[in-house]
Amino acid sequence: MSREAEPPMAPGVGVARVEHFATVEQQRHAAVLGIWAWLVTELLLFSALFLVALVLRLQHPEAVKAAALHLKFWIGAVNTVVLICSSLTMSMAIAFSRMGWQRAMVRAMLATAALGSLFLVLKGYEYYADYEEHMMPFLALRPYALAETPASRLFVNLYYVATSLHGLHLFTGISILLGMTWMAAKPGFLARHQNWIEVYGLYWHFIDLIWILAFPILYVVNR
Amino acid sequence: MSPHQSALELWPASASAVAVETDYLILAFTVLTLVLTVPVFLGITYFAIRYRDGVEADRDTSGLRSNLIEISWMLIPFLLTLIFFAWGARLFIISKNPPADTMVIEAIGRQWMWKFQHPTGQSEINDLHLPVGQPIKIRIISQDVIHALYLPALRVQMAALPDRYTELWFKADRTGTFRLYCSEYCGSDHSVMDGNLTLMTQSDYQHWLTHSGAQITAVAAGRAIYNAYGCGACHDARAQVKAPKLAGLFGRPVKLADGRTVTADENYLREKILNPNGNRLAEGYKQIMPSFAGVIPADDLGRLIDYLKADTQTADGEATR
Amino acid sequence: MSGTSAIESGFAEREPHIPEPTLDRPIDYLHAQSTLRSWFLATDHKRIAILYLASITAFFIIGAVAAGIVRLALVVPDGAILTNDTYNKAFTIHGVVMVWFFLIPSIPATFGNFLIPLMIGAKDLAFPKLNLTSWYIFMAGALFTMVSVVLGGVDTGWTFYAPLSTAFSNSWVLPALIGVTIVGFSSILTGLNFVVTIHTMRTPGMTWFRLPIFVWAHYATSLIFLLATPVITTALILLILERAFHIGVFDPAYGGDPVLFQHLFWFYSHPAVYIMVLPGMGVISEIVPAFAQKKLFGYRFVAYASIGLASVTFFVWGHHMFVNGQSDLASLAFSALSFAVAVPSAVKVYNWTATIHKGRIRLDTPMLYAMGYIGLFVLGGLTGLYLATLAINQHIHATYFVVAHFHYIMVGGTVLAFLGGLHFWWPKFTGRMYNEAWGRISALFIFIGFNVTFFPQFILGYLGMPRRYGTYPPEFQLLNVLSSAGATILAAGYLFPMVYLLYSLWFGRRAPANPWDAKGLEWETASPPPPHNFLSLPEVPRVPYDYPIQERESGRQHT
Amino acid sequence: MRNPLARLTDEDRARLRQHLRVPVLSFLALLGLLAVNVTLGATLPFAQVWALELAVVAVMVAVILLFSMEIRHEPPLVRLFAGLGFFWVAILVGMTLTDYLGR
């Protein structure tokens, strides 16, 4: 196995074996493989949405363009920066956990959660601005700004589906992260559950990756 | 006029050269299927008996080398079936490339009826009359959900999509009356969205177009509309809902709830269908009928009233399909 | 493994409140604890398997009753027995319940759950709590779907095609859609658990090519769970939003494309056929060698064929859409690729047949089911190629030919494998033997009843009777009556096992650890197994299926 | 518990640098690539700019996978899983496009 290039674990950091595993190594391996299997699933979940976006673009290029120009490009860009920053803090949390610096790790985790929340706040503001500009075609009672190009509502609605599904993942992620931070602040955590941080980090980076895909696919490419 | 069929038939009628070739294709495929499966059936049965527990038998398997056998039974059936891919693809490509001189029929599917329009303007509901010996292209679209036009005698079907035209074409070479169906499940009355395909000679077809066509089918069309809009669910003689029965209604006096008596003429029927909430409720009934204004187009409404009229004239039989 | 300095803590993280069995005090998983709570909060894979078995049996009964209603209605051509709407609801419930609540979880969630850890020599699946969560998610999805049935039913067909399901149907589509979406997550988590378990939890010495084909088949199935299910989750979410908020993506009224839903639907639902079929193949690959007392012929080829099927199946979904308005290019490509499925399928069938050759055959109930399976699967598979042939498809698409074809695969294949496996491992699950004579009789009933029910449907389809017809032209009546008559025989065949298997739970003979002289680690432990499966680490044989009769392979010969 | 930054020993600083080098570098790379894409999206310099934008995205995804998610340190199996996911996306998109581009 090829973990040799990776910085070594500090003494006193590790994983406690759960009874049905034969070795700790097996347990760690299972956790990493498990989260990857889940992430592959998530990738296909979002890819199907991206495929729908692509088909819309092929079938209604003008309408999609009109819709994409109404998206808040700069909020999307700032949000991308926010998530990239959160990825850095998450990577730092993982690094600290390997070094055994528990307090620094907890702070990095809190920073990650804060950045994630900032993303959601900005996203919420974006939705609010969209609402003000009559860009919510799924609201039956509110006239739609681009009503003269009916096909544009498909793309705008898809934008809401994709971003809210991503937002849901982020919200779940933040909740889990906060719960885990609370546990991780307790003494002895790193001796028993260091791999939780690693596994969770993969999930967080992956949410980031999905946004890295969603931002250009929704906001940039169709301009 | 429904297709004559015996109680049990084992092979469907075919009415075009492509249909005949499709039959050959499936027959040949069936031969291949037998070649591939009968040895398996016989093999497992024979082996199970020959080598059953407690029977003396030669069980020395050391002579068997597996890889060659494996590869041969992996590839030989596959290559054999590929012949059928090629054959099927050839027929498919033919069926997708109509010749230049086709006659175009417009087909519109809606819940739950077919409307066909001939190039000369005549239209039919559910039934379709066509000439043989002439390439015919049917251009299909749907007004609501996805349907599919299926003509088994010609071995073709094609979806009726709500957002774009699809088409199928064929050149029939045999006269007769055959079935046509909706083959894509489309809701409540999917299974009654069917009719007859009548293939006739060129001259019969011309005759049909000019003489009987429009007149004969107006009533049949009206009956189809009566069924398609689900009128019978409440107004048939055997319907459970407490609603006036329509058989034999036309031209009779109707006693209204407010005491008046009116004659059930064309205008009365029209008004009742489009605006049942108007104060013309028949005596002894509750106002439960929905309005069909904006739901039923004017031409369909005309056919429907024609049907109700004809229904009275012919008999007082029940208004069912 | 270098660079990690993980410590072994002195105590186990999950304190076991189960008494540990010893040689002189054997405690099996069924009797380790007996409270209701110990069942509903069970993390033992064997108990969860039993939870699944009970639930899918219930759903099988619901689906079978709906099928019975459908067959009853079709005895007369004019729809005199059921109204069209009721008929449509009956076949929709039959389809939805049978596909998502019986066939897909059938073998993986019950036998797979129970047997994979036993077969690879593990104490449990990698994530036991996740396994229990899967069951609860499954039940939650089932609850939603049952709510829609109780409120009045769904009439869209199990395929939920837009825009019928989104804009036109007046039935309870939303709860059914939500239920099916939720159930998808249960599949995903089960698949995830299996993949990780098979990769990481194998006992020392259990290399990949010593794994039983059952495990290979479940590995392939799990890959499909992981790679296909999320796509239909997305499709169904879009469909739900379409119905609830008219977002328009599949609605032609706004410029959406209903065919796109079909693409996303079949990207999952074609591979889902292999979710149903592959585990059955795994079961057959265990039963046939055991009752022939002979090593499985061409083990490696059969193993690879499982992975091959799971991969090829993702390239063929468009053969469901030849006449649905997809491009001719796509139709040609999907048709050609569909024929590739013939290769791994042929590998399986011919290898089972060759395994029976020169074996020492015992025709007990599981073997009868296995032989029935092979015959019916061959017919079902080859008729699938008829449907993949473009010109033939243009005629028999959406006719009873399709219905017959997939019932040969689903019932002739999966259900027979399920019943065969149930009899084969019943002693292991319950510690009791069932009545062999009744077992054989019911197998015969099912085989005959099945063929009488479904073979006429091939003919009906080729004659041109469309599927999902509550009324039909009178010339089809004779064959329909024959089919319905067959269904009564089939129903009897299903009822017998329910009775004698339940009877055996209390009155059956106690089962020994290995009643069939079968090979495989699951037979090395007691029947029923103790809570953590093995009292001591089992020894793994050098070859899988090391039965007395073996072909000479890689220079080894056993006698 | 460990100290705040100011009281770090040299040895700790070295460890910190060793552990954080890759995350910080990939963070900077991601920001740089994002800047490129945002500029392209805001200015639309030429007609087929979407192709270039998607290429930049592909690089960003690769950076996250390889460095942030540390695929390069994982056993081959995990790499295979990640690759499998993207390959399956390619099947989904590619085979669907045979329909949409062929219509």
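Just so it is clear, glycine is given a Cβ too, placed from its N, Cα and C backbone atoms.
Confidence annotation: the domain 'Cytochrome oxidase subunit I profile' (C:39-541) carries a mean pLDDT of 94 in the model. For C:39-541, the entry in TrEMBL reads domain 'Cytochrome oxidase subunit I profile'.
Annotation comment: TrEMBL describes C:49-73 (among others) as transmembrane segment.
Taken from TrEMBL, the feature transmembrane segment applies to C:93-120 (among others). Tertiary proximity for the transmembrane segment (C:93-120) is limited to same-chain residues at least six positions away from its ends with a CB under 8 Å from its CB atoms, namely 45-46, 48-50, 52-53, 56, 59-60, 62-63, 66-67, 70, 131, 134-135, 138, 141-142, 145, 149, 153-154, 157-159, 176, 180, 183, 186-187, 190-191, 194, 197-198, 201-203, 206, 211-212, 214-215, 218, 221-222, 225, 272, 275-276, 279-280, 282-283, 410, 414-415, 417-418, 421, 425, 428-429, 520-522, 525, 529, 533.
Sequence-distant contacts of the transmembrane segment (C:132-152), counting only residues of its own chain at least 6 positions beyond either end whose CB sits under 8 Å from a CB of the stretch, comprise 41-43, 48, 51-52, 55, 59, 62, 89, 93, 96-97, 100-101, 105, 109, 171-176, 178-186, 189-190, 193. Under the heading transmembrane segment, TrEMBL lists C:132-152 (among others).
According to TrEMBL, the transmembrane segment annotation covers C:172-196 (among others). Residues 96, 100-101, 104-105, 108-109, 112-113, 116, 125-127, 130-131, 133-135, 137-138, 140-149, 151-154, 156, 160, 165-166, 218-219, 221-226, 229-230, 232-233, 236-237, 239-240, 243-244, 275 of the same chain, all 6+ positions outside the transmembrane segment (C:172-196), place their C-beta atoms under 8 angstroms from a C-beta of that stretch.
Annotation source TrEMBL lists transmembrane segment at C:216-241 (among others). Within the chain carrying the transmembrane segment (C:216-241), a Cβ under 8 angstroms from the stretch's Cβ atoms is held by residues 108, 112, 116, 160, 162, 165-166, 174, 177-178, 180-181, 184-185, 187-188, 190-192, 194-195, 198, 247, 249-250, 261, 264-265, 267-269, 271-272, 274-275, 278-279, 281-282, 285, 302-303, 306-307, 309-310, 313-314, all 6 or more beyond its ends.
If you look up TrEMBL, you'll see C:261-284 (among others) marked as transmembrane segment.
According to TrEMBL, the feature transmembrane segment maps to C:296-317 (among others).
Here TrEMBL flags C:329-347 (among others) as transmembrane segment. Long-range neighbours of the transmembrane segment (C:329-347) within the same chain, counting only residues 6 or more positions beyond its ends whose Cβ lies under 8 Å from a Cβ of the stretch, are 298, 301-302, 304-306, 308-309, 312-313, 315-319, 321-322, 381, 384-385, 388-390, 393.
Tertiary neighbourhood of the transmembrane segment (C:368-392): same-chain residues 277, 280, 283-284, 287-288, 291, 316, 319, 322, 331-332, 335, 338-339, 341-342, 345, 349, 352-353, 356, 401-402, 404-409, 411-413, 416-417, 419-420, 423, 440, 443-444, 446-447, 450-451, 458, selected by CB-CB distance under 8 Å and a gap of 6+ residues from either end. Feature annotation from TrEMBL assigns transmembrane segment to C:368-392 (among others).
The transmembrane segment annotation in TrEMBL covers C:398-425 (among others).
Positions annotated as transmembrane segment by TrEMBL: C:437-459 (among others).
Residues annotated as transmembrane segment in TrEMBL: C:479-503 (among others). With a threshold of 8 Å between CB atoms, the same-chain residues lying at least 6 positions outside the transmembrane segment (C:479-503) that come near it are 57, 64, 67-68, 71-72, 74-75, 77, 419, 422-423, 426, 434-435, 438-439, 441-454, 456-457, 459-460, 463, 472.
Sequence-distant neighbours of the transmembrane segment (C:296-317) (same chain, 6+ residues past either end, Cβ-Cβ under 8 Å): 209, 211, 213, 216-217, 219-221, 223-224, 227-228, 263, 266-267, 269-271, 273-274, 277-278, 281-282, 285, 288-289, 334, 337-338, 340-341, 343-345, 347-348, 351-352, 354-355, 357, 388, 544-545, 551, 553. Counting same-chain residues at least six beyond the ends of the transmembrane segment (C:398-425), those with a Cβ under 8 angstroms from any Cβ of the stretch are 98, 103, 106-107, 111, 114-115, 273, 276-277, 279-281, 283-284, 286-287, 290, 323, 364-370, 372-373, 375-377, 379-381, 383-384, 386-387, 434, 439, 443, 446-447, 450, 453-455, 457-458, 460-462, 464-468, 497, 501, 516, 522.
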